[in-house]
């Protein structure tokens, strides 16, 4: 099948999890599929959104929740997007300033040992600051519609901290996190690798916990396309998905790790020394291919929607299943897998938060998926899940839904 | 200071690119209250200098920070004007125009700055009006919820039906010269105290 167009421009933000795009280009997987792809490094998620929505980018490395938010019209002008391909699982960490680390350690030496202990001690610090009339602690994340925002909030709320009232949450782009931490403007941050490692290597902070400790094998970035473009270019889209499948499989081979690090450290990608990138791949625990990492699980899209509702980002009633189905086009992913002879799940949902170790689904091996507090998520009961949360800031327009 | 003079923050990553803009704005009598890059503290600078307008380089990573400041309304929202020098401007312009409060142009020719600032301010005011209306709707929803809750309390405590409870609320509010939602709030607070 001839692709409708061969020339494509794909946008990305300098992060390790943009690796599948870099590999597909550098290792010739795009070329094998007859595609001529230009990769465009972008300065902000807002730029990615604007350029994708108006068509100056054909596709982009995108925060998974952003594809849903844009499709819903929460973020800029409403533009239906599709993401048929998950680029990676995990990859984030929470880093705290040296001074906050000292305070935690003095309070409880065990505080640095576990996600649960750390947040309990953090709450004590926050409470005592409030009693003494000190300013609230400031935490940074990369974007309101990001897994970083939801993981950070999940962790805080699990320790009884209300992220909208007890701390000051700000948005800072990944490369700027390091200088903001160095300048003492933020006390903690949640960002994708290698930026935690860069901050730690320069002595500005300590990595307190990995995203994996909050939600094991959490979804992270997707390949996002405009839905109308994908409809009009089915063969190009399939070629793109096959190239990314090949790149992801290549990345999963540990023998390619050094080459991956060298590739990403180049100026056109991360423009950083190899050391923090190599270290970032370890703390990030990125999964690029194993555990069906590329499959667009609608259950995960619905979990992301649950967090948007929990934190007041959605003020309209919606049909989560219909939205997830329109954005997470698993049918197109399966088509690419069939052509590449790669096995993939026949179902679109899985229970989230129930597996402590690897498990089998239809002869496929999937990874652990527990949340830090052990809560389970049934995508069919999303509203109950939100209603059960102790700490939430639900939009008043949805409060009635919550009571039902 | 006359109405036409604006307090402006410039956020740029390549200072030489904004030099011409900086000069032109000063010549027109505007005040550049800060000129920073994204690695500096955008949030504190905006809070400290209280600009009328923010001009940002499209290629500045600071865009995400600025947008989130607008969204959460931590600070008084203000128009953001984006400038770009690259060939993307025509398409981006369409996106921005249909968006909220920003305006964009390619190139930094001084003679075009004035109309751009005017358009940006105008569009921003229109948007703010819309936003205020939305905020009002949100407030009304919260108020309605309070009233429902207070009504429920009266129904339970005094064995009234829904209509009686509502009439009784209205009368109490009128007698005390309070808004219905204010009265509802105090009834709920009192009920919580008694529990």
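Using N, Cα and C of the backbone, Cβ positions are placed for all residues, glycine too.
The feature domain 'Response regulatory' is assigned by TrEMBL to B:7-121. Within the model, the domain 'Response regulatory' (B:7-121) carries an average pLDDT of 75.
Among the features that TrEMBL reports, 4-aspartylphosphate is placed at B:57. Counting only residues at least six positions away in the same chain, the Cβ atoms of B:11, B:12, B:13, B:14, B:17, B:18, B:82, B:83, B:84 sit under 8 Å from the Cβ of residue B:57 (4-aspartylphosphate).
The coiled coil annotation in TrEMBL covers B:117-144.
Under DSSP, the residues of the domain 'ANTAR' (B:127-188) split into helix, strand and coil as follows: 56 helix, 0 strand, 6 coil. According to TrEMBL, the domain 'ANTAR' annotation covers B:127-188.
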